[in-house]
Structure formats: C-alpha cells, structure tokens
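Can you read through this structure? Questions will come right after.
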Number of protein chains: 2
Amino acid sequence: MIWEDTAGAEKARLEASIPQEWRVTIPQDVKSTLSLPQDTNVLTEAELRITNASATELVKQLGAGQLTSVAVTTAFCKRAALAHQAVNCLHDFFPDAALARAKELDQYLAEHGKPVGPLHGLPISLKDQLRVKGRQTHMGYTAWINKVDQDSSVMVDLLERAGAVFYTKTSVPQSLMVCETINNVNGRTVNPRNKDWSCGGSSGGEGAIVGFRGAVLGIGTDIGGSIRVPAAFNFLYGLRPSHGRLPYAKMANSMEGQETIHSVVGPLGHTVADLRLFVGSVLSQQPWAYDPKVIPMPWRQSEEEAAKAKIASGQLTLGYYECDGNVLPHPPIVRGVKTVVNALQGAGHNVLPWEPYEHPYAVDLANKVYASDGGADVYGVLKESGEPAIPNFQDLINPSLPKLDLNEVWDAQLKKWHYQMAYLKAMEAFEKKHGRELDAIIAPITPTAAVRHNQFKYYGYATAINVLDFTSVTVPVTFADKGLDKVNDTFSPLTKMDEAVQAEYDPEAYHGAPVAVQIIGRRLTEEKTLAIAEEIGRLLGNEVAS
Amino acid sequence: MIWEDTAGAEKARLEASIPQEWRVTIPQDVKSTLSLPQDTNVLTEAELRITNASATELVKQLGAGQLTSVAVTTAFCKRAALAHQAVNCLHDFFPDAALARAKELDQYLAEHGKPVGPLHGLPISLKDQLRVKGRQTHMGYTAWINKVDQDSSVMVDLLERAGAVFYTKTSVPQSLMVCETINNVNGRTVNPRNKDWSCGGSSGGEGAIVGFRGAVLGIGTDIGGSIRVPAAFNFLYGLRPSHGRLPYAKMANSMEGQETIHSVVGPLGHTVADLRLFVGSVLSQQPWAYDPKVIPMPWRQSEEEAAKAKIASGQLTLGYYECDGNVLPHPPIVRGVKTVVNALQGAGHNVLPWEPYEHPYAVDLANKVYASDGGADVYGVLKESGEPAIPNFQDLINPSLPKLDLNEVWDAQLKKWHYQMAYLKAMEAFEKKHGRELDAIIAPITPTAAVRHNQFKYYGYATAINVLDFTSVTVPVTFADKGLDKVNDTFSPLTKMDEAVQAEYDPEAYHGAPVAVQIIGRRLTEEKTLAIAEEIGRLLGNEVAS
C-alpha cells in the first residue's frame, strides 16, 4: 500500500466520525469562523452558554449537580465538530465513548452525592501525543496510523481519575518540531480568526480548538514554544511549566529519549484560573508516584499567596525586553510589550528594562540540540511509510546535517548548564543593582502576531526559555491594528533572519491578528508566574470568565 | 617534563605541607591506625575531645562562643595531619588559610555576638572535586596539577557563607569511576581500621579522614556508590541525595556533561543529625539561586516530622533484600541486613521481603552509560600528561570499547525512564498487596565488608539506585566476625561475577571490617529517609554523638 492510501483512509475515517447532524456548510470566502457556533443551529442556546463558560465555572456546576456531564460533553462535542469543519483541528474524535463516560460520571454523582474529583465531568482536549488506551496516536506520521495504544499516558490516567472526559485528539505538525500545524495525514490546521493565519504549533490543534471554544481546556507540549505559540496565536493563556512539574510519561514523542532540552506538558485555556485548576488537579493526584521524572512538589498555596500579596501591594518588580538581540519583533508585538509594561506601571509596580543575557547564544545552542541526531529519528519514521518530510521541518532539520558525537552532546549539555548559571548571575546582578527581587520578565513569545502560513521563521523568543527551563506563561494582550502598527521605517536589520522576519510584516494582512507576550519566571515557579500572568490579564481587561 | 616528575613534585609539595610538629612515626607492622591520635601527643586532651564530638554539638558550642573556631580548626588540622600520615588521604592541606579564616570568624562572633550562619566556625573536609578559588583541583590527574581555580564551586561558596572553614581536599581514584582510591599522583589511600582494606571510593579520602575523625563532616559525590561505599567501609553515615537537591555547579568532574546518570553531591559523617545539619545549612542558603540544576525545595520540616511520628508509633513499613539477583553478598553483609530487619521488627515496624525489580537490567544499563564514550573523556586527560590508566579503571572502561551513537544514548535514556516507571509500579503493587505505604527499602550497599585492595568487583548494589535516582543513606551496622560469619558452604553461583565475589570471602582477612546497609527512599525523600536511617542507628546503638 502506498502511503497516500493509508493516510487517505485515515483521513476518511476521521471525517466519517463527525455525525451527520453536526455537519454544516462553510462558505469558501469566509476568513474567520469564530462565529460559526452562533451562526448555525447545531448548538442550542444552552450549549452555547456552556461552551462559552470557563472550566472553573463548569466544574463548580458539574460538581454541584447543576449541570450534567452529558450536557457539557454533548455541547463540547458539537462545538468540536464545528471547529474541525472550520479549521481542520482533529486527528481523532470519539463522542460516543465520551458520552458513555459522561453518563457514568453523572450516575456516580447521583449515587454518591459527590464528584469523583476536581475535574468531575469536564471534557478536556488532548494533543495527539497523549495516549488513550484502545485508541491510536498517529501524531501526523502515516507509519503510526492504526497502531492501537495498549496503555494510556500517565497524564491521561490522572486526569481521568480527577474526573475528566476525553473526546478529541488534536492535530500536530509532522515531527512536532515546527510552530505551524501541517502533516501528510491531516493536512493543515488554520486559525479560527482568519484561515490565512496559522493556528501555531506544534500544539496547533489544541490552540485552534480551544480558541474556537470547541474545548475549554487543552493539553499541549513545548520543547521550543509549542504550547506558548499556539496560545499566543489564538488569544489564549498557555503554561509551559518547568521540566519535572507535570507528567510526560507514556506520551508519544519525536526524538524520544532526547533529554538535553526536555519537552514539557502543560495546559492551554481562556483564563489563568482554568490553567491553575488543571495543574492543581493533576498535582493532587501525586503524579510523582507514576512518572519518575515528576518532582514531588504539590501545588504550593503559600507561593501563590505570597505572589498575590505582593501584587496587591503594588510591589512587583518585572524586567522586560522588546528585542532579543537576534530579531526585532513586528510593530504589533513591540506595542504588545509596551501595553503590558504600561499597565503594570500604571498599577504601581516596578517595570525595568531587562537585558536578555546572550539569547543568540542560547538560540544557537537550542538549534544544535534539536538537530543533534541529524534528523535520524524523524526521517526514520518517515522512511517506514515512504511519506515525504513537510517543507517546514525539512528547512530546519534534514539528513544532510551531521549527527553529533556523544562527547559533543556532553559538551552542549555542559554549555547549557553554564549558560543557565550565567543567567542566574545576571539576575542576581539586576537584583543587587535595584535592591529588589526580580519577580518575572515580560517578553515577546514570537516576533509576529498570528503568522501567515509558511512564514514562521524565528523560534528564538521561545527556545531561549526552553534552554533556561524557566516557567513561562503566554498572556494574550491585544490585536494587530493597521491604524496603530505602521511598518517600521527606521528598521535596520541585526541579522539576515531579522531582515527576513521584518520583511514579512504587512499591516493589512496582519490586521486583527492576536498579539501576546510571555511572562517568564524562574525554574519551577508555576504558582507565582501564573499569579502574575493573571494580574496582567486583569489589568488589561482580558481575563474574562465567559 | 615526564609525568612522573610532575606527579612527584606535587606529592612532595603535599607532604611538605604537614608541619614538622604534627609529624609522627608509625610502625610498619601496625594494621589499624585509628588510635594514633590517642597514642601520640600531637593533639591535646581538649583537642581529642573536640575531634571526638559531633558537628551538631560543635556548632552549638561555636555559635555560643563556648569554643573558638581557632581551637576547633587547630584540632582538626592536627588530626587531619595524623590521618594523612596514617592512611594517605589528602590531596591538599592548607592549615594556615584555615586558621586565618577561623580567626576572622572568632572576631565576627566577638564583635556581633552572633554566628555568621548555621555552620559558624566548623571545619569541613572537601573531596578533591570541590573547587576553592586560588587553590588547585587535580583530582588525581597529573595533567591537572598546578591549574589554579579561578572560582569556587557553588557548594563551597554556600558553605562558606554558612560559616564553614576549609582546610583539606581529599583523595580520589583516577577517573572517579571506581570504588577504591588510588591514582598516579597520590598513590593509594587505605582504611584507618586496617591498612589491608580499602577506604572505598571514589570519595575514599573523605571516608578515611572522617572515619579517622580528622574531619567531622566530609563532602563526597556519588554516580555509582562513591558516597555510600566509603561511608560503609569506614562505619559512617553517608547521604546520596537525589539529583537536584544539592548544588554540584562548578565542581570538577570526569565525563562532564554526561547527564544520563547524574553524579550527585552529599555528606559523610558520624551521625544522621550531622548529615541533616549539613543539608539544612546548604538549603538555607537557597542553592537554586546559583545552581540551576537545584530544585527550589527547602528542607521540609513537615516531611521529617511526619516520618518521625510514624517511627514513634511503630508504623513504618520497610522492604528488604539480601541478594539483587546478580551477586550474593558475603556472609557479614547478609547478617548485617538481618540485623537491621530484626531491630526494626523488634520495635514493632513492618519489615517485609522486597523483590528487587530487575536489578541486573539496571546494572547493565548503568554500565553501558558509564562506558558510553568508550573512555574518551578520561583517556583524553591521561594522554595530556602521558600517565597510564590505573588498572581498577582500565578493567572497567578502556578505549577498545565502542562509543555509543547519539540515538543509542537516547535509547538508553528512554530505557532508564521506563525502568524507573516499572519500579514505581512494582512499589505500587507492593503497597496494594500489603495495604500499606512502602516507606523505604533496606539493602546491601556492597557485597563485601570493607574490601581488600584491588578486590572491588561488583558495583551493582550501588548503581541500581543511581539508575533509579532514589535517595539512599548508608547506615553502619556491625563488623565482620570470623566467629559468626562462616564461609557459605551451600553457595551456588548465580553468575560468574557472583562466583568471583564470593570466592574473595575469607573470615580471617575480613574479621573486624565494617558492615553497612543502605536505606533507600523514593526520589527526593531526604527528610524521611534520613529520619528512618537515624532510627535504625538508634535501635542498633550505633548513633552516638561522640
């Protein structure tokens, strides 16, 4: 069988999983599909209200028996079906299994008068790296189609124990190593706000489905921006926790066993409270008892409260940077950073310029690590089916690259440690100079607003933070505005990449595209960094529950 | 210059650093040098009392001004000088610098009426991997002699800030990868209890000097038993913390950047209270602000107290094993495990057999990792000076071994994770079966009591725990006894290694050699595992302050 047949059959199976009564017709000339749920009659008014609510609000009502899981699951299944028709975000869709599970949870609540756990009855979307026993995880590789998972990922088991309902697995780019979402099985996933824009990647299907509110919470992974970029491009919050905080065990991956820069797993959602609900629910299940890489560190309420006290008293000290020394962001992003700085300063906090310490060095190191096996792992899987590499990946990593020798990898690992150490020293110097603790750093997460297809060129704003293993939260800020964000006519390129990226800016084409920043905390500061991100959302007026 | 000249000059420099008035004559036929301090008149009665005290007691008196740091430092310098003459345990000795520092600390206390930190005035010995600015770290490599350190290790900086005084750097085996202590610069370090026995390794100099009470606390490192084995061979407690608990940054090492199995740093001492003092003092200095690999996890008093409450109520559940499936320990070690089991059962705790889950697999994996670069790093350093490899190392790793390909290393890393996961699952099954939490596991740390020279053959009891990254504490138990520990005449070898190890047992030769076990806790359970180790010491009557 040639690979096109296998991939085509899988795509047909997926399309057939959308029930007839949830199908709609979408005019070809529509750019934004965000209003599709309102504009069609697949969802009832009640279902629209449910899918527009926050996860925090939903679990409250589910736990109190004010909403049934069947009702909530039905609503999200319908909206996910619309999302897929609109933006092509699914790899797998299993509403029947989800509704059966929802029914069981409703019965449990009726019988026991209490929820099974903190996520009782809540549908959660899964990136197609998370395994669900009995289903498949093709991850965009033709060779992996129809391989049935014998075991669930630890994250899936724990969420299930906390009461979550699974109904979707969402699209990823081939290899997971790029920040747009396209593969030979499913094709391309686009942005619900404008089909000419990317939904981001590699957790692009999650970004798109949550952005469309076909899911209220999604789970992504991030080795070089793959949670933060789709969050940014879909006007969402996204948490890249530090390595060891949340369980990655038994998930599918590219380049498995590569540990020089770890991929991490984390949530995407509409509010920080929802991300906190997710993290707290997982930690309450003691993930370290199942995934040996997880640190035995429960949710530290005291850290959250200390941060909130500092916030309440207007005593935060934040650094910020607009340019990392490699590539200047487009005007909407520079304005986004300024907007956040102004909002915090307006609330009395200290916001001071942060000199991004040798980020170009970190970016080079990251690229070396990502390409360290010369693509052997990814190209090996492609060879199994005979399918070609997607151009987005081939441009980054291809078999002509030399594989690193083991001692070269050790050298890279040592360099990483030394770089991290030097970064801490730079932070210490900042703190000594200003006599204040540096609470977090405000920075671009991409140089562009939600990018046009095949235009994602520079990963460095994301990857430098992966090298540091710092906690980072994407915060949606505003939208590109052709009236405000004029072409930068004093621009003088720092690098060839800088020139190429800036040349892509077109005020008309990007008008309305989501603009985000990342809030960067030290390693394993999820409680504090989320609290600061939440406060920024509150100050901007973007943190709305529904 | 040929390497012998460089090494010889360094050895001569070291010997000249022992002041004339601290030199003694040791008869050739003496096996044990433990009583040398009492038998000679280098130390005063007061100095003998000081050096026989615990660190916990000493810091109390130092902080209260009841003892001066000059007095305490003088006492330990003298006793360290005797230790070196007895067992050849030093690589560097700097009493003048130490006494100058002690004087400053005494002045500080006099002026401010309070100690600088929790270790105020306390001398601590350093394995010759820890860097002290302005001194050298040759680590047994001729090529590294006379390279002056431009910066101190993070651990050294933090201990200094906590008030510690440094006066010694102690011997290690060439490469650090073996559990005896011999190199071409310093020769061999022997056991204070019997010069025919090894002091262990690689933190062998630390084991010997603390065993001799030339130091009250020592700092070792452990990638395959290198803290636990010298602790065992010198009747000491030794803590191998989990990776990420204590700062390793800026220390010298072999195979730097190798992170598949991390080397970790931890203390050796005479009491668990002293180890706790050490760990607590380091954590109080927030090592995670300086070493990015350290987890922001302060000493968790609540974990310690929960463990102590469980101990007090006789409610511990421990597993134990005598054989790992590869090599049966010598009779004294088997008796050591039984002694601990009996003591705990006698106190009402639950002690149940633990099936060591596929340890031979873990041991093979560890050996593969240790040899993964085919010795390129170590032999590269040897080549710089032209010195030969020590046989103990050459037997394990030599340039004829193939270097692993990067994807093979990733595969090993993945196997490690899966193994760790399977181990957690086995623990979960144990807990379900017995309806009780498994608090820790009692196991041999070596198959032999303090081993005869060049007879250390099997590392697996230690290395399986390094693969798991579990917290482990060496607990001294008893001494080999030719009257009790007869040759095992029903022995039937499991493996060739098993046969070779058991053949080495000779009741006469091992009579009196220290026997220890390790107490193994889950990852990052230093508080709990130390509490359990302390209770075992108390039950055995071995936990004595002086």
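Glycine residues also receive a Cβ, built from the backbone N, Cα and C atoms like all the rest.
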Given that TrEMBL assigns B:Leu176, B:Ile223, B:Gly224, B:Gly225, B:Ser226 to the substrate site, pick the one from B:Ser198, B:Ser202 that the record assigns to that site as well.
B:Ser202
Centre the Cβ atoms of B:Leu176, B:Ser202, B:Ile223, B:Gly224, B:Gly225, B:Ser226, go out 8 Å, and tell me which other residues of that chain have a Cβ in range of the substrate site.
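Surrounding the site, in chain order, are B:Met177, B:Val178, B:Cys179, B:Gly201, B:Ser203, B:Thr221, B:Asp222, B:Ile227, B:Val229, B:Ser263, B:Ala462.
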Can you give me the average pLDDT across the domain 'Amidase' (B:72-530), rounded to a whole number?
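The answer is 97, the mean pLDDT of the model over that range.
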How many Å lie between the Cα of B:Ser202 (substrate binding site) and the Cα of B:Lys127 (active site, charge relay system)?
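The separation of the Cα atoms works out to 9 Å.
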Most Cβ neighbours within 10 Å: which of the binding-site residues B:Gly224, B:Gly225 is it?
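Most Cβ neighbours within 10 Å: B:Gly225.
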Report the same-chain neighbours of B:Leu176 (substrate binding site): residues 6+ apart in sequence with Cβ closer than 8 Å to its Cβ, ordered by sequence.
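Spatial neighbours, sequence-distant, of B:Leu176 (substrate binding site): B:Gln129, B:Met139, B:Gly201, B:Ser202, B:Thr221, B:Ile223, B:Ser226, B:Asn253, B:Ser254, B:Ser263.
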What three-state class does DSSP give B:Gly224 (substrate binding site)?
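For B:Gly224 (substrate binding site) - judged by DSSP and reduced to three states - the answer is coil.
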I'd like the number of other C-beta atoms within 10 A of the C-beta of B:Lys127 (active site, charge relay system), please.
32
Work out the three-state DSSP category of B:Ser202 (substrate binding site).
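Where B:Ser202 (substrate binding site) sits, the three-state DSSP reduction gives coil.
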Measuring Cα to Cα, how many angstrom lie between B:Gly225 (substrate binding site) and B:Lys127 (active site, charge relay system)?
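B:Gly225 (substrate binding site) to B:Lys127 (active site, charge relay system), Cα-Cα distance: 15 Å.
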Three states by DSSP: which one describes B:Lys127 (active site, charge relay system)?
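DSSP call for B:Lys127 (active site, charge relay system): strand.
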